[in-house]
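> Residues annotated as signal peptide in TrEMBL: 1-21. Per TrEMBL, transmembrane segment is recorded for 138-160, 204-223, 243-267, 279-300, 349-369, 381-408, 428-450, 462-484, 496-517, 529-553, 573-592. The domain 'Acyltransferase 3' feature in TrEMBL is assigned to 196-549.
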Amino acid sequence: MMSTTYSFIFSFVCTLILCDANSISLPKLYEMDDPEECADRNGIFCKVDVILSPYNYSQDSAIWIKIQEFNKDYRYFQRNKLKHGRCFYKEQAESIEDILSNNYATRYLNYSLVAKANYTSCFEKDQLILNELDKWDIISISFGILYGSFVIISTIYMVVYKYENKITKTLNIFSLISSWKELQKPIKNEDFQSLKSIQGIRTVTMMFIISAHAFYGNMFLFLKNPEFLENIYLNLILRVAVTVYPFLVQTFFLISAWLLSVQLIKIIRDHKELTLRHVMIILVSRYFRLMPLILISIAVHRSNLAYDFISYVNQDILKREVDNCRFFWWKNLIFIQTFFEPTNICSSVTWYVATDYQLYTITVFLFYVSHKLKIERRFLMIFLVIVSVIIQSAVISSTEFLGIMRLFPKTANLGDELVSKAFTLSYIPIWCNAATYMLGVMFGSIYSWQREEKISHDNLKKIVWFCSFFGLPIFAMFVTSFMYEIRWFEILVSVFARPIFSAGIGIGILGMATGYGGLVKLFFESRPLVFLANFCYSVYLFHDVVVFLRIFRVDAIVELSTLYIVKYTLTDYFLSFALGALIYMTFELPLIRLQKITFPKINKCEKNEENKMKSIKVNSI
């Protein structure tokens, strides 16, 4: 308890006074020989892990004592674990371990420290891996060329031939001009207009997710000034700000559940029932809405082509992703990435799609059971939330790991985080996200109810709305920005921080749907943000290609600065949305239009024409 209180007070002090590890002379965390010079002399470049320990355990040096102090603080990198990049001649390949042992034996004696060095991976700048494409790469590339040609031909054909026939009706679906016109059509649906702020929130959330991966991706690099990141976490305000990143995907869960509940409530109102056929149509349509881009994602992430766009010294990082997609691609097809060997996910960002589809399915059946057995939905929702809370609490209390996933300097090496217990036990499972999803169902139900009820506006309600919209997420981020030694503190934060954050976002959306918000509402409903929301699913699935290929191209010591982070974040924004827009226009939107034509619709399953419902055209990720 005392250490937690001390950490809290120390953070406030560091907000006013810059606390910098660089003011103390410690061994450099990162050292790196020039990879290009190494390649020019036909050498071997090796990544080396260096572990420091005191020279004399009976009498610790002042340096070692300070290293231990830093290691106990989650806001610092572990200062006894160094990362070096060393170049060796090819004839030294068989004796690298001996060379490292000799070189590092006395290297840190002036610090009264001894070092143990082990190389983790070695690389040669070899010929292009393009020569090693397998048959699936060739099939994927061939399909891409054929499909791209078909889109171009369809576009040209629709420009040249104006008359309508069976051929033009089909080609029109894949024409870029037709897709652009479809994208430009105004959406007059009442629900879309009322919930337009959702689109802006989706776009802003997607931009934050890109920022998160760009920011944390820096921890893959050899850093000249790692204290730059440490100073961010030593400053309470900045640390709370970057703590938003693990919460961002909760917004997507909330929106997905919200829109699903609106759709299901409308079906029940219009048809007076929810049949098993309705359920199957909804789930099958959702599956085929998501799956085409998943297939493209698998093809992209398993290909050797990616190696030709990165520095040869980062092949070990990329190899894990490629191997996962070569051996575990099938999990993505049935959305079980988060269940079966969750440490091996093909395209790590697809965990959200899997968890969302699992919760989507549970929610549809929850409505079905509620309607058939005449059980009030709120009781089933409460039961589901209680079960999720019990599971989370049991997992955290019985397992030694961080609890809710945080990315602090001490623990935030993404290469390790993706296989950590924090990621697999407290971030991606359905029981960790069920509460947020049920909140989305609740807000969707309230929204559907309030459309028929007149809600009065007054200044007090406006103040409460504003404080809730911004205050609840900030509070959740604040309590999560600390690490707690008392386990039940950690359980409380892990279980309740995400729902609190999501409740704030939900209150914000509901308020804007009923007329609150002023300038905030105008911002989130602005045309640029609403327009960009169309591309969010494509951007989400493929932004990591842009961000991490850019990061993996770096093969030198990087000096971080605010300008450096802002410059590359803006670049990632532009390239990610450009790539997402291209995929949406050429692939996602045509297949959406094709699905609308070919798939059965609920309103056409009923014989009674009076009960036909209008489809709700509201984008969701």
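Counting starts with 1 at the first residue shown.
The backbone N, Cα and C atoms fix where each Cβ goes, and this holds for glycine too.
A TrEMBL annotation is a machine prediction, not a hand-curated record.
Remember, predicted model here, so these are calculated numbers, not experimental data.
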> As a test: from 204-223, 381-408, 462-484, 529-553, 573-592, pick the stretch that has the greatest number of Cβ pairs under 8 Å with the transmembrane segment (349-369).
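Out of the listed stretches, 529-553 contacts the transmembrane segment (349-369) most.
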> So are the transmembrane segment (204-223) and the transmembrane segment (529-553) touching or not, going by 3+ C-beta pairs under 8 A with a sequence gap of 6 or more?
yes
> Should anything in the same chain at least six residues away from the transmembrane segment (529-553) have a Cβ under 8 Å from its Cβ atoms, list it; otherwise answer none.
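Distant contacts of the transmembrane segment (529-553): 183, 196, 198-200, 202-204, 206, 209-210, 213-214, 217-218, 220-221, 290, 293-294, 296-297, 300-301, 306, 309-311, 314, 317-318, 347-350, 352-353, 523, 568, 571-572, 575-577, 579-581, 583-584, 588-589, 619, 621.
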> Tell me whether the transmembrane segment (279-300) sits in contact with the transmembrane segment (428-450), defined here as at least 3 Cβ pairs under 8 Å among residues 6 or more apart in sequence.
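These two stretches do not touch.
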> Are there at least 3 C-beta pairs under 8 angstroms linking the transmembrane segment (381-408) and the transmembrane segment (138-160), leaving out pairs fewer than 6 apart in sequence?
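Contact between the transmembrane segment (381-408) and the transmembrane segment (138-160): absent, because fewer than 3 Cβ pairs are under 8 Å.
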> Most CB pairs under 8 Å with the transmembrane segment (428-450): which of 243-267, 381-408, 462-484, 496-517, 573-592?
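Selected stretch: 243-267, with the most Cβ pairs under 8 Å.
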> Can you give the mean pLDDT for the domain 'Acyltransferase 3' (196-549), rounded to a whole number?
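Over the domain 'Acyltransferase 3' (196-549), the predicted model scores a mean pLDDT of 91.
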> Within the same chain, where does the transmembrane segment (462-484) have neighbours whose Cβ lies under 8 angstroms from its own Cβ atoms, ignoring anything closer than 6 residues to its ends? I mean 6 or more beyond.
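Hits for the transmembrane segment (462-484): 4, 7-8, 11, 74, 236, 239-241, 243-244, 246-247, 402-404, 406, 408, 490, 493, 497-498, 500-501, 503-505, 507-508, 511, 516-517, 520.
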